[in-house]
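Enquirer: Submitted below is the structure of interest, expressed as structure tokens.
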Amino acid sequence: MEQLHNMKTIIRVMAVVLHCGGSSADTTKKLSVLVGTEVTFSCLFDKVTQQVEWSALTVEWNVVDKHAQKSVVYTVEDGRAHVNRGGSVVDKMRLLQGDASLRLRNVTVGDEGLYTCRIITPVVYTETTSMEVLAQPSVMLPEKAAVTEGEEKTLQCDITGFYPKKLTVTWHIQNGSHIVHAGTGHLSRVCTEMAIHNADGTYSIRSGITLHSSAVKDGAILIICQVEHQTFNRMYNRSVTLTVQAPSQPHYSAATLIAVTSVIILLLVISVIGGTFLLYRYFCKAPPSVSEISQPSIIYAQVPFNLKCTIQGALQRELEVKWFQLRGNTDSPALLDSVPLMLKEDLSEQASLQSDGRHHTSVLTVCLTVADDPTDYLCVVQCRGKSFRRETAVRVKVEPSFLQISSIPQIPKVERLLVLCCRVENFYPQHIELEWSRNDGEKVCTVTHFGPFSDHNRLYSMWSKIELVMAREDERAVYTCRVYHSSFSAPGYKDVLYHINTQGTPPNVMFIDCEPLCPLLNEACTLHLCIKDFCPEDVSVTWTKDGETICSGVFNTPPSLNINGLYSMFSFLKLTPDNDNQGSKFMCTVVHSAQKEPEERLYTLPHLYLTDTS
């Protein structure tokens, strides 16, 4: 119970650390940027009194996109810049002068989101900017058109490449100085299609107007396609001049008459054949086309997914679709009719039928566990007295929750035995492959595997190890354990890296934070410090108050091994401040064998307020 309590405290502290990183802007800036242009996100911070060195700066630029997915755009750490989004750059010289602004070239719709800049100098600064991406639509309409007297003419207005999706299209008819809204009378009809999502994230839409020649007054009228979109300051108009032309008077020659007669005879023959075919289809309609059941390429346990079956060549009112989960073993589709009803679970009420007029798609949403693997599903489509059956087998996957390489000893020594162990835990199904390599793909042949072993949840774990005697040329070598498993998306594997380091790795010491953020007089609060990415695991942490060592109320979590092979831990100091603690300075000192000198972090207790009891 005590370990569970400590773990909950660590999770709560990590949430506070993520929320509060030091100085930050009070408001979020907002930018609106056109697709294909360049934008600069401002991020200014105070320079310290001494000159800031390039290697002493840490800069992180992150973005949370419109789907609430967070990703890294650009980082500067240990004097090196890492570009995750092509075309993003932070000027090095301006960074040393207190300007970490990010320049983003060739903005796309996918770049829209909330951008956050975080600088450690070692004081932490954060600044947030919200970028809205806009794409101005391209409107295409012919300048002139003609309608034959007594007939109708359809004009198309194509609007492409716009973002966001909201856009309004209206049609107007101008006859002289008189303008009326089109589509309300019997002489004109307006049809606007659904917006289409393009591959670049923008949208396209098509709108058409059909007019009878009698709607054209005085020989010509002006047809206006009016577009309303966020990127336009006012309504955008494109117009076409529509005129009426008289029907052409044919002049027949003997050759023309012979050709026309031949065509008429041919059309009569085709009409007879076509009529016979239509009568046949009327009395014996062709059966509808029913697709196989489609499913995602990878289905994860306890994650909802959709099974789909598409029907063509029938009206929606003619269809009745049923879904079943098969509990028995039906190895052959030919045996489906003989499956007893007690072995079928009817899931039809959970399914929905989506239709666009020509295609009807029945969708069944399912969520499975490892215990359900494998599961067979049956889709039965009934149409015009006939039954069509489709079956599919569903296999679930569980991606490994733990991938890590550990070493014995933690700090390798030259001419001594080094054991590297790769642990892969909590995956499904059982089949898995592990390959070891050194540096640029030099394969390691002597490998020992243990497992896979199954637990009570039917999840598997596996260990793989290699042994080598450290040579001087192995210093800074990189060993890779490549893990192949069917739960990984393309390319179907993940790499776990181990960097040989005989010197150890000094800890990255964060800043002291307080929970609650504003401590109250005579109420308990906790100071906490995150110490991460160090090796070996032995580390000394000391707390002092105004220069005097504190022993009571100090709690250190055991160092935990990260996926990168390094260790992390938290140190806590619990206290109840009183009037004598106003302005007290709390110092935390971290000592590690890989440091050149100990690192210290200072926290000054702010002004304390009494609890509001009103």
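The first residue you see is number 1, and the count goes up from there.
Quick reminder: no glycine exception, Cβ is built from N, Cα and C everywhere.
Taken from TrEMBL, the feature domain 'Ig-like' applies to 36-130, 137-241, 288-395, 400-497, 525-604. As annotated by TrEMBL, signal peptide applies to 1-25. Taken from TrEMBL, the feature transmembrane segment applies to 257-280.
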Enquirer: With DSSP as the reference, give the number of residues of the domain 'Ig-like' (400-497) in helix, strand and coil.
Expert: 3 helix, 56 strand, 39 coil
Enquirer: Could you break down the residues of the domain 'Ig-like' (525-604) into DSSP helix, strand and coil, giving a count for each?
Expert: 3 helix, 47 strand, 30 coil
Enquirer: What mean pLDDT score does the domain 'Ig-like' (137-241) have in the model?
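Expert: Taking every residue in the domain 'Ig-like' (137-241) and averaging pLDDT yields 89.
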Enquirer: Would you list the DSSP helix, strand and coil counts for the residues of the domain 'Ig-like' (288-395)?
Expert: 18 helix, 54 strand, 36 coil
Enquirer: Of the residues in the domain 'Ig-like' (137-241), how many are helix, strand and coil by DSSP?
Expert: 3 helix, 64 strand, 38 coil
